[in-house]
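What TrEMBL annotates here:
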- 1-22: region 'Disordered' (REGION)
- 2-98: domain 'Coiled-coil' (DOMAIN)
- 43-67: region 'Disordered' (REGION)
Amino acid sequence: ERREKEQKLSKEMAEKATKELEKMQLQEKAEVKYKEWLKKKRAEEAEKRKKEKEKEREKEAELQEKKTRSEKIFKEWLHNARNKPRPVLNGYGFLCGKTTGLYFYTYVMT
């Protein structure tokens, strides 16, 4: 009877030891998988930040190009505007002794 109890206890202890060993092995596997997942996640984050920086650089370059293009067009317009004849400030005037413009016609008609 004593031997049976000892055998039973030794079996229980062996079962507990194997369960603990399996549990430890599962924890180790879980840690390894977690570390792999974390490494992959960090790599993805780094790639994402890299792409965002690249997009930001492209956007800045595009804005700079647009700015230089608009400055160039403005300078051309300014240069051309200086050479254009100025419009007459008052459209009512005399041309060859005759009154021109809308003012004369409205004055005469009333």
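Glycine is no exception: its Cβ is also placed from the backbone N, Cα and C atoms.
Predicted automatically and left uncurated, TrEMBL annotations should be read as such.
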Helix, strand and coil counts within the region 'Disordered' (43-67) (DSSP): 25 helix, 0 strand, 0 coil
Secondary structure composition of the region 'Disordered' (1-22) [DSSP: H/G/I, E/B, coil]: 21 helix, 0 strand, 1 coil
